[in-house]
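Engineer: This is the structure I want to talk about, given as structure tokens.
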Amino acid sequence: MPASRTDAGAALRRAPGWLRWLAGRVGGALLVVWVVATVVFFALRASGDPLEAILGGPGSQASPEAVAHARAEYGLDQPLLVQYALQLWRIATLQLGDSYARRQPVVELIAAQLPATLLLATLALLLAWALALVGATIAAVSRGRAGRAAVAALRGLELVATVTPQFWLGAVLILVFASSLRILPATSSGADPAGLVLPVVTLAIPIAGFLAQVSRDALVDADRAPFATTARSRGAGEPRVLLHHTLRHASLPALSLSGWAFGNLLSGAVIVESLFARPGLGRLLLDGALGRDVPLVIGAVVVVAVLYVIVVTAVDAAELVVDPRLRAPRRSVAARGTPPRTPELAVGS
């Protein structure tokens, strides 16, 4: 092994735990970006010639000279692996190129559409967590026969919400609230707050069902744990036990799902933004995929992947703040660059 590599490895082992963890996250993010860019590039190229998007779509009557000029201008006359290497280089240098169909820089197109998608996903995540916590809290404090009936009803609602397709749910909401009752708009340009209601609810309901299941189980387990029993034996009332003990201990497994939920909401935006005719990154991505606009699709997917990694990293950092036990030195785990994430510890002690 070269001396420089040995020195670098020794320096990394001597680095603080948080620095090793951060280095692992950065390395993981780079790997995710490479895999995503590779899969999207070859999938789009396998689906057809991107020259159609450049020349105006299928059936273009461009002359052979125009076709040859377009191939040379966009580098499509080079071997496929050379095109792939150039695409990776553009990503590494943050130069995503121009959209084939729109003739605009991909960075500008994404920057114009990203805020609308982030707003939609953030509002949907907040609503999903609000619904999940309400349902989980009701299940945790329910007692007696009526409580068991309420828990059974909540379980059924959670299951139905989890398996409901977003496209079907959005269509039903449009039919009821836009077509029949006419109290909410079916489409939105993004400027009207009322136009956000149906898209946000459509995105939030399936996520809320899954989050509620996890939160309910964590709350019920924490409510039955020894620390909750001890608190009650010392005279603490149920509200205090819930707020100061069970919610805190049950928050870690639920918090760890926030990154997954946000990524799911970003992917769901492709369907919801198209269904409600909203501007956003999801709709831009769908239009690019249908038109085989390689630079646009790769740029949009890479941005979504990077956002997902950032959110997951932020969630992991929040877990370290919520549960001090995760900050305890564990060399076997820290060496892998990943903080320990054990839902059992979050619920148990």
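Placement of Cβ uses the backbone N, Cα and C atoms for every residue, glycine included.
From TrEMBL, here are the annotated features:
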{"type": "DOMAIN", "residues": "114-319", "note": "domain 'ABC transmembrane type-1'"}
{"type": "TRANSMEM", "residues": "21-44", "note": "transmembrane segment"}
{"type": "TRANSMEM", "residues": "118-142", "note": "transmembrane segment"}
{"type": "TRANSMEM", "residues": "163-184", "note": "transmembrane segment"}
{"type": "TRANSMEM", "residues": "196-214", "note": "transmembrane segment"}
{"type": "TRANSMEM", "residues": "254-276", "note": "transmembrane segment"}
{"type": "TRANSMEM", "residues": "296-322", "note": "transmembrane segment"}
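Please situate the listed features within the shown structure.
Structural biologist: Sequence-distant neighbours of the transmembrane segment (163-184) (same chain, 6+ residues past either end, Cβ-Cβ under 8 Å): 194-195, 197-199, 201-203, 205-206, 209, 268, 271-272, 275-276.
When Cβ-Cβ distances below 8 Å are used as the criterion, the transmembrane segment (254-276) is approached by residues 116-117, 120-121, 124-125, 128-129, 132, 166-167, 170-171, 174, 186-188, 195, 198-199, 202-203, 206-207, 210-211, 214-215, 218, 282-283, 285-286, 304, 307-308, 311-312, 314-316, 318-319, 322, 341, 343 of the same chain, each at least six residues removed from its ends.
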Engineer: With Cβ-Cβ distances below 8 Å as the criterion, list the same-chain residues six or more beyond the ends of the transmembrane segment (196-214) that contact it, or say none.
Structural biologist: 119-121, 123-125, 127-129, 131-132, 135-136, 154-155, 157-166, 169-170, 173-174, 177-178, 184-186, 188, 253-254, 257, 261, 264-265, 268-269, 272-273, 275-276, 278
